[in-house]
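Structure record follows, encoded as structure tokens.
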């Protein structure tokens, strides 16, 4: 028993020492120097990457969303969003967690922006909570919410962090969902454009980079095809229709995006000199075999994923594969809508994390029509017994750096090489790792090094990519996973909300501060 007690005490001292070292490296002034061995190990292993590896003016930043980091969900005049309603359903979120407080960036924004600055980042891609500005979606303004975003934007500019503002990250005001069905109703187009215009008018003198929606495909598919995200609708759910609703919602999202862009271009862009675009997620799909069927399945998967939104925005119509398969269930654009939608971006953000193999899978007589079954394809995560890549904590996230190269190159070749930036990229660890374990995130360092190397290769091969945003600065509320997933460069103790920079934070500091 004596020997065991000594071992336990030694382990406790080691963990406490690691935690103290990490804590000393964080604080209101950001990263203050070293975190002992972790910093030494991170230093000098950027894999030959530096700022000079990328074009002049290339932007490095981090990304987050309002619902995941702000907290103050029920205070200072903010109205509930569909996610506030969704998390109240027992069993929907791991451990029945909520984002009522999350990492409290609402009060700690200076600390977090200081951390970004100390890491050498140029920009912060944040989102504005629609229901914090308009608690019921339209009408009366919540000026306390406006004041918060003014404080955040002004502080970022004060210390040299460029704001990239996203107008919608999954968090529709619940009042609009209750009033007329939210995104299923065409009224949402004008409501969103009104909200967007208020933001342009209020913040556009300082914000010069706008995004309308983050991952509209996720909004439509997970919210209305399988019901895993708010508002939780699907054919097998309490309410919904997986065969039609995802396409209706996507159509309204595209029109909402284009309507907001139209207002910005007609009324504000020539004065404010800003740019506007949209953020699209893109898993790379690789045919399982070289068979014609599997290669066609891979192309359909790309069409139903990124093409669902980017094809209309670039070419004014849905991909041919969607038109052929979905038929009358796919809404159509009028001539005026085509004119509004086509070309409605100054740039596009690509959120890229992973890649899958796919094989052809044609529906049979028992297959229920749905967005997911319309792909006529099945994702496969290994080939000949070999996984496509190591898996992170999330069951959907495999580490496949070559997928990023192929995704960026595909956007370049398929869509006329639009100006783009990598608007999200990262991996997660389990939520229950200790501080000492969490800050020693060697797998995340290797992930970023390999993915950013592939991004550089794509740029060297001609992709017009102007920036990169890591997801995310902080561990935070990860939607269905609650606090059981950690994507941050900075470890957050969810009990005390203290921030502890991880090895990956020092790695990024070495990368973006290096001029060689």
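We number each residue from 1, going along the chain as drawn.
Placement of Cβ uses the backbone N, Cα and C atoms for every residue, glycine included.
Summarising the annotation, Swiss-Prot assigns active site, proton donor to 215. Per Swiss-Prot, active site, nucleophile is recorded for 424. Annotation comment: Swiss-Prot describes 68, 169, 214, 215, 353, 424, 471, 478, 479, 487 as beta-D-glucoside binding site, evidence class similarity to another entry. Sequence annotations record features per position, and here Swiss-Prot assigns disulfide bond to 234-237. Swiss-Prot lists 96, 290, 364, 432 with the feature N-linked glycosylation site. As annotated by Swiss-Prot, signal peptide applies to 1-21.
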- Item | Top Cα neighbour of residue 479 (beta-D-glucoside binding site) in the set of recorded positions 96, 237, 424, 432 | 96
- Message: According to DSSP, collapsed to three classes, what secondary structure does residue 471 (beta-D-glucoside binding site) have?
- Response: strand
- Item | Residues close to beta-D-glucoside site centre defined by 68, 169, 214, 215, 353, 424, 471, 478, 479, 487, Cβ within 8 Å | 63, 65, 351, 472
- Fill in the CA-CA distance, residue 215 (active site, proton donor) to residue 432 (N-linked glycosylation site), as an integer in Å. 28
- Note on the structure: Same-chain residues at least 6 positions away from residue 214 (beta-D-glucoside binding site) with a Cβ under 8 Å from its Cβ, in sequence order, are 65, 127, 166, 168, 169, 170, 279, 351, 423
- Task: Quick one: pull the CA-CA distance for residue 290 (N-linked glycosylation site) versus residue 353 (beta-D-glucoside binding site), whole Å only.
- Result: 24
- Query: Under 8 Å Cβ-Cβ from residue 68 (beta-D-glucoside binding site), six or more apart in the same chain: what's there?
  - Reply: 99, 102, 169, 472, 476, 477, 478, 479
- Note on the structure: For residue 471 (beta-D-glucoside binding site), the number of neighbouring Cβ atoms whose distance to its own Cβ is within 10 Å equals 22
- Message: On a simple 10 Å Cβ count over all chains shown, which one of the disulfide-bonded residues 234, 237 is most densely packed?
- Response: 234
- Query: Under 8 Å Cβ-Cβ from residue 96 (N-linked glycosylation site), six or more apart in the same chain: what's there?
  - Reply: 87, 90, 482
- Item | DSSP three-state assignment (helix, strand or coil) for residue 214 (beta-D-glucoside binding site) | strand
- Neighbour-count leader, CB within 10 A, binding-site residues: 353, 479: 353
- Message: Going by Cα-Cα distance, which of the recorded positions (234, 237, 364, 424, 432) sits nearest to residue 353 (beta-D-glucoside binding site)?
- Response: 424
- Note on the structure: Listed in sequence order, the residues of the same chain lying six or more positions from residue 364 (N-linked glycosylation site) whose CB sits under 8 Å from its CB are none
